[in-house]
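Chemist: Under the heading transmembrane segment, TrEMBL lists 24-45, 57-79, 85-107, 127-149, 169-189, 209-226, 246-265. Per TrEMBL, the feature region 'Disordered' maps to 281-306. What TrEMBL records for 288-306 is compositional bias 'Basic and acidic residues'.
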Amino acid sequence: MSSLSSSTSAIIGGVPTVTLDVPISAVFLSLYLAGAILHISIFTTNRRRGHKFFMTWLLNVFCIIRVVTCSMRIAWATTPKNPSLAIAAQIFNNAGIIIVYIVNLIFSQRIFRAKKPQLGWNKALGLAFNAIYCLIVGTLIMGITVLVISINTTNVRTLQSIRDVTLASATFILVVAILPFIIVMVAYLKPTPCSQESFGTGSMAAKSLVVLSSTCLAIIIAGFKAGTSWQPARLAPDPAWYHSKPAFYCFNFVLEVIILAIFLLSRVDKRLHVPDHCKSPGDYSRLGPDKTEEGDKDQDYYRRKG
């Protein structure tokens, strides 16, 4: 991402305009708002039935962040010379998608634990996942910090340090986006049917297809952000193709909406749900819906729904 400290630097998507960006942003705002309503409705319905699925709430938060992102972009279009709106729009744009990367990572970990329980529940591997989540949060905070600093400095050394941090952050996030793909692929290496477990509804192949589809789209988003970050800065009068508005919307909002649609239509709250209190190999099966009174209600509910 180009620094916003200089008005002569080209930025991804350019400075929004009322005639073009406001109507486009309004459409996406409506889509994200619909996504937020659907996810929170699913979450509250499931919670009343005792069916806990925290990822639905996370996806609701993501949709809300995107509603704010689109609102900020609309506001920025009406007052293009307001630096506060510009930085707020950039912060929300960069922050939101992190939630999708985390959700994909959690889903891939569940598939891995079901396919390879002994390795998947290894304490060292669990600590590694927790470390990755902490690094993601740290990277997000670091990225927001340098973005704010870049607005208020013209010092060459400071700007170079900011660029170094930006490149490191974008590259790390790309690696995080790729990880779920690798994890699912490794889960299918040297299958051991005797020890495999099941969770949620539907086949393991269908679960994997949902996660891999979402992950591939997320990789494109993260790859675009990382790739553009590594490109040399361009002047505003001479932007590259990736600075264009079509590139901005297609490689961000369009792909994100498709990911949300995949999660909603595939009902990940059922398909990728795991029992509470799972801590060791065998818990997915031992604590599954068919092992509890509450789970019996869930199973009957899903059968009636068809």
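The first residue you see is number 1, and the count goes up from there.
Placement of Cβ uses the backbone N, Cα and C atoms for every residue, glycine included.
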Chemist: Going along the chain, which residues at least six beyond the ends of the transmembrane segment (209-226) come within the CB cut-off of under 8 Å?
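Modeler: Sequence-remote neighbours of the transmembrane segment (209-226) are 1, 94, 97, 100-101, 103-104, 107-108, 111, 170-171, 173-174, 176-178, 180-181, 184, 242, 247, 251-252, 255-256, 258-259, 262-263, 266, 268, 271-272.
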Chemist: Give the one range among 57-79, 169-189, 246-265 whose Cβ atoms make the most pairs under 8 Å with those of the transmembrane segment (127-149).
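Modeler: When the Cβ pairs under 8 Å are tallied, 169-189 comes out ahead.
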